[in-house]
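Worksheet: the structure to be examined is printed underneath.
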Ligand SMILES: Nc1nc(=O)c2c([nH]1)NC[C@@H]1CN(c3ccc(C(=O)N[C@@H](CCC(=O)O)C(=O)O)cc3)C=[N+]21
Ligand SMILES: [Mg+2]
């Protein structure tokens, strides 16, 4: 019995290395553009876009992300409003805060950091955010707009992946995109975006029978499972474009911390044509797209439809 990799000789030279998709550099350039656009927006309207970030509880990883979001929001010339609430916050208190932020004209975008502590219904809280301020694009209105190809706010991580893929590949018509992972946060919206790009899209999930065999068919392979190094080198079609959304913090034997993705990078880099590293791939794009969505939300609220 021979597997597909041994029966199909790889067309790649033995010293092949995928080119790295530099999400960090792309995000830096995007943030620079946004910073300029924010200045122009302020010059035209006398209004500074404002982003409110709500964090409930004290998960250390979430605190780091939220702080990074605030710093980058300021760097882009926008206002940042942080709301750090105790773990004991009730759903009603959280909904009351969202209601206040909905009504506040200085706030154009609202993000409630996920996951929420147990007992708080993320769906109810997310859907309480006005669709025009839902800069995460996770409420049912923006999710529905995406599903029917209407303009709306697209979730930050999928949007970041799409920007990288457009930059790398240009026209994606007819390419087979395989998305591993079907979350409402990443996999599902990204599959819809790739469909709109003209890809043939397959989604693999927990019940998929042979995910490795499906992955080997992919021209574009996106992995968003949160299962570290799930995808091995022999899951990848030679020359494929690989987008690794996963990010897991690990302890090295020396007691240092290290980030790893959902793709076994050292194996994948020998097979893929292009690949995002972790860190420095999708992660920085997520925050840049949050700023992008906040500016777009401010434009829509101030300049109206078609802005
Ligand atoms: N409502 C909501 N919206 C989110 O968008 C959201 C969320 N909740 N909860 C948590 C996840 C996670 N997330 C990341 C953002 C930036 C990096 C990032 O910048 N990563 C860097 C490394 C950062 C580090 O060193 O830890 C990189 O990959 O290079 C990663 C992950 C947004 N999330
Ligand atoms: Mg990354």
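For all residues, glycine too, the Cβ spot is worked out from N, Cα and C.
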Point to revise | Co-listed NADP(+)-binding residue [TrEMBL; alongside 181, 182, 183, 247] among 206, 236 | key: 206
Review point. What's the longest C-alpha separation between any two of 181, 182, 183, 206, 247, the listed NADP(+)-binding residues, in angstrom?
Key: 18
Exercise for review: Across all the protein chains here, work out how many other Cβ atoms are within 10 Å of the Cβ of residue 206 (NADP(+) binding site).
Suggested key: 9
Review point. In sequence order, which same-chain residues at least six apart have a C-beta under 8 angstroms from residue 183 (NADP(+) binding site)?
Key: 224
Check your understanding: Residues with Cβ closer than 8 Å to the Cβ of residue 182 (NADP(+) binding site), same chain and 6+ apart in sequence?
Key -> 188, 191, 203, 204, 205
Practice item. Could you list the residues of the same chain, at least six apart in sequence, whose Cβ is under 8 A from the Cβ of residue 247 (NADP(+) binding site)? Key: 259, 260, 261, 278, 279, 282, 283
Check your understanding: Under DSSP, the domain 'Tetrahydrofolate dehydrogenase/cyclohydrolase NAD(P)-binding' (155-301) has how many residues in helix, strand and coil?
Key -> 56 helix, 30 strand, 61 coil
